[in-house]
Amino acid sequence: MELGSLQRRYIDFTSALFREGFLDNQYTQLQQLQDESNPEFVLEVVTLFFEDSEKLLDELSRTLDQQVVDYKKVDAHVHQLKGSSASIGAQRVKNVCMAFRNCCEERNQEGCLRCLQQVRQEYFLVKSKLETLFRLEKQILAAGGSVPVLW
């Protein structure tokens with residue numbers, strides 16, 4: 001694919017992620033921390049987010065499957081997931097975590113299970129979108145171009 005076309009696709013795709021609420025300005029701030037001395041900063045931070053989030057989601061599933069649910073433990077995991085999703089700008093994941101924490105407070109197992117499904121769905125959606133974005137960045141760089149800056 002031609003470089004100009006790749007860059008337009010990148011801009012359109014990134015704009016859609018913000019418009020559809022997948023990402024917020026925190027992601028832009030993360031991008032601003034990336035420079036020539038650390039050109040893969042965003043990729044590294046987001047990859048850590050992916051690894052941590054999948055562990056947390058598995059732990060949440062195990063904890064909510066117990067006969068007697070430890071809501072403090074569930075809330076601690078959700079709080080951690082909310083914080084890490086907020087730190088990379090994964091807005092929709094963060095928003096579901098807020099509702100999830102309310103269900104924990106109410107000790108509502110049904111609600112927690114529903115929220116777990118929602119947060120899992122939003123997490124895998126944003127993961128897929130960000131992986132696509134990173135692939136586009138690599139294609140642009142491989143074609144000899146620079147990744148467009150949107151801020």
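A Cβ is built for glycine as well, from the same backbone N, Cα and C atoms used for every other residue.
The domain 'HPt' annotation in TrEMBL covers 38-143. TrEMBL lists His79 with the feature phosphohistidine.
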Listed in sequence order, residues with CB under 8 A of the residue listed as 'phosphohistidine' and six or more positions away: Cys97, Arg101
Residues in the domain 'HPt' (38-143) grouped by DSSP into helix, strand and remaining coil: 91 helix, 2 strand, 13 coil
Reported mean pLDDT - the domain 'HPt' (38-143): 97
